[in-house]
Amino acid sequence: MMNFESYSHGWICKIVFLAFILLFPTAVLGDCTCESDEEDRNKTLALKYKLAAIASILVASAIGVCLPVLSKTIPALSPDRNFFFIIKAFAAGVILSTGFIHVLPDAFENLTSPCINPHPWSDFPFAGFVAMVSAIGTLMVDTYATSYYRKKSSGKTQVASGGEEGVVPVHTHATHGHAHGSVSIEDNSGETLLRHRVISQVLELGIIVHSVIIGIAVGASESPKTIKPLIAALTFHQFFEGIGLGGCITQAKFKSRAVAIMALFFSLTTPLGIVIGIGISNIYSDTSSTALIVEGIFNSASAGILIYMALVDLLSADFMSPKMQSNGKLQLGANVSLLLGAGCMSLLAKWA
């Protein structure tokens with residue numbers, strides 16, 4: 001599966017680079033008459049908070065994404081344990097709340113701002129429309145990627161088995177009464193592994209897109225009053241989002257190099273966004289109409305990806321699994337954990 005890993009990492013890098021290229025020039029175009037709030041600006045104090053945010057978010061992100069990956073040394077976090085399902089449900093609740101409560105409302109705020117032309121942006125709910133299209137697009141990518149690599153994998157299997165596709169050769173020994181042959185469980189296991197690999201890649205893409213936008217916004221702000229509450233909120237957010245992503249990476253069973261790249265990508269994205277925001281803070285205009293439109297569209301797309309992934313690939317896959325369906329206590333624990341994750345992340349919307 002190395003080709004799959006290299007290819008998917010490549011297109012994630014390209015999309016992140018494209019997002020930055022689009023956001024950077026539009027963020028510095030102050031083509032709106034709206035004025036930013038000047039009252040609580042303190043550049044020196046704001047910079048201290050930004051540096052604290054970089055350190056805090058980097059550590060929390062790294063710990064969060066690495067905890068499930070280290071399940072070999074922490075048995076309780078093994079994907080086979082019930083506790084893993086509980087933690088993953090909590091993290092899925094965080095991701096779902098991020099999409100519904102944090103990212104999508106920001107998109108609506110961006111695209112209905114008085115700083116942009118009301119026609120056509122106020123004539124149609126573009127934020128909801130883009131989120132819907134993004135969710136449908138994620139479904140298509142999810143489906144076609146899985147289908148493509150499944151066919152590719154089955155083709156290799158067919159060649160390796162001498163072209164006997166669909167044949168399950170089994171023979172028995174009368175002397176000791178057991179059977180040898182190809183076992184369909186291996187095929188099912190391979191398909192499940194493939195699904196987890198596609199899920200982890202698409203989920204990371206959705207997380208990275210909104211993390212870059214959040215990081216740039218924090219880094220460009222010069223208001224300590226705005227940044228201070230965001231430090232705790234984003235630290236909590238990244239930690240549990242990291243657990244959700246780390247759980248998917250663990251189930252995907254990537255090679256060590258691919259795991260390290262994905263964990264590094266996730267851990268560095270928001271801090272890197274903050275650094276970029278600091279670099280452009282002198283020329284950044286958070287009331288630029290073009291910047292608001294681009295941010296709104298990216299936020300909408302990110303919300304669609306996160307909502308789809310949380311509901312379909314994380315929650316539905318786990319909650320409808322035989323392991324969950326046959327264990328009443330696990331179902332109760334997972335539901336409570338899901339509500340707690342969604343509730344805690346929703347509460348953070350009061351400050352972030």
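Cβ coordinates come from backbone N, Cα and C, glycine included.
Sequence annotations record features per position, and here TrEMBL assigns signal peptide to 1-30.
The transmembrane segment annotation in TrEMBL covers 49-70 (among others). Residues 77, 79, 84, 87, 218-219, 224, 227-228, 230-231, 234-236, 238-243, 245-247, 249-250, 259, 262-263, 266-268, 270-271, 274-275, 277-278 of the same chain lie 6 or more positions beyond the ends of the transmembrane segment (49-70) yet place their CB under 8 Å from a CB of it.
Residues 68, 71, 76, 127-128, 131, 203, 207, 210, 237, 240-241, 243-245, 247, 299-300, 302-307, 309-311, 314-315, 318-319, 323-324, 327, 330, 333-335, 337-346, 348-349, 352 of the same chain lie 6+ residues outside the transmembrane segment (82-104) yet bring a C-beta within less than 8 angstroms of a C-beta in it. Summarising the annotation, TrEMBL assigns transmembrane segment to 82-104 (among others).
Here TrEMBL flags 124-145 (among others) as transmembrane segment.
Annotation comment: TrEMBL describes 202-221 (among others) as transmembrane segment.
Cβ atoms under 8 Å from those of the transmembrane segment (227-249) belong to residues 46, 49-50, 52-53, 56-57, 60-69, 79, 84, 87-88, 90-92, 94-95, 98, 102, 196, 199-200, 203-204, 207, 211, 214, 218, 221, 259, 262-263, 266-267, 270, 314, 341, 344-345, 348, 351-352 of the same chain, restricted to positions at least 6 beyond its ends. The transmembrane segment feature in TrEMBL is assigned to 227-249 (among others).
Counting same-chain residues at least six beyond the ends of the transmembrane segment (261-284), those with a Cβ under 8 angstroms from any Cβ of the stretch are 9, 12, 16, 20, 24, 27-28, 43, 47, 50, 53-54, 57-58, 61-62, 65-66, 69, 200, 204, 207-208, 211-222, 234, 238, 242, 245-246, 249, 254. As annotated by TrEMBL, transmembrane segment applies to 261-284 (among others).
Per TrEMBL, the feature transmembrane segment maps to 290-311 (among others).
Long-range Cβ contacts of the transmembrane segment (332-351) within its own chain (Cβ-Cβ under 8 Å, at least 6 residues beyond either end) map to 82, 85-87, 89-94, 96-98, 101-102, 105, 229-230, 232-233, 236-237, 240, 315, 318-319, 324. If you look up TrEMBL, you'll see 332-351 (among others) marked as transmembrane segment.
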